[in-house]
């Protein structure tokens, strides 16, 4: 078992950057060239998982090793919710982070992975503060919004990040005598609720994911308080992946500078084809 503070420290190093989904070594090299702080190795981006249907599982270890061999930046990989054996395999490969991801088909509808039993740090998604604190209680070192991956639609990520921020502000301003009741209502560990009350933030970095397709989307999430951004289908489902990837990296760096945002948003070609969120929602997987 690894010290959670070491894991959180590794996650802190990704702040202010972009983590990009890649499905092969060539895309991984493009992501690194564009300035990504990490890549997420997977066989299909979320848009294709939605399109193809079926059961989405951990990627082939051969693919993950190929991607790890061509980049020097951290490599993440996804395991199904509750599938601790997939996580054991990924840890044995030497990935830098494991994402216990709702994008893949859940393996356990009741239990998430005991992340404290692993040396590798875990990323987990949330839709609200209670969900975030439950994952942190299990050992997650990094939290992200779930959004709605594969849609190119930012609305759910915005809703979720605003909800987390609203919940944090409520707890920060609550009377200490109310914290146990709040913990009960959130179904969250009491010690983590008291941490939020004292510090006004999560005890781990808080990133955004799910639906980021443009530089403006990325800057929006940063202005709303995200500390970094995951981009899945939005880059390599667009007309010019390298140019769009560089633009999104710049947007995360200069998220408060509208002039730079306007410049990097010019002439990017067609973005990914977006879809509405009126269908099965990946964000409802897990609890």
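Cβ coordinates are placed from backbone N, Cα and C, and glycine is handled just like the others.
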Suppose a student reads Swiss-Prot and sees 21, 150, 232, 233 listed for D-ribose 5-phosphate. Which of 35, 130, 211 should they find annotated at that same site?
211
Structural state of residue 78 (active site, schiff-base intermediate with D-ribose 5-phosphate), classified by DSSP into three states:
strand
Cα separation, residue 78 (active site, schiff-base intermediate with D-ribose 5-phosphate) to residue 233 (D-ribose 5-phosphate binding site) (Å, whole number):
15
Once DSSP output is merged into helix, strand and coil, residue 150 (D-ribose 5-phosphate binding site) belongs to coil
Using only C-alpha positions, which one of 21, 78, 150, 211, 232 is spatially nearest residue 162 (D-glyceraldehyde 3-phosphate binding site)? These are the recorded positions in the record.
211
Can you tell me how spread out the D-ribose 5-phosphate site is, meaning the largest CA to CA distance among 21, 150, 211, 232, 233, in Å?
12
Distance from residue 78 (active site, schiff-base intermediate with D-ribose 5-phosphate) back to residue 150 (D-ribose 5-phosphate binding site), taken between C-alpha atoms, in Å
15
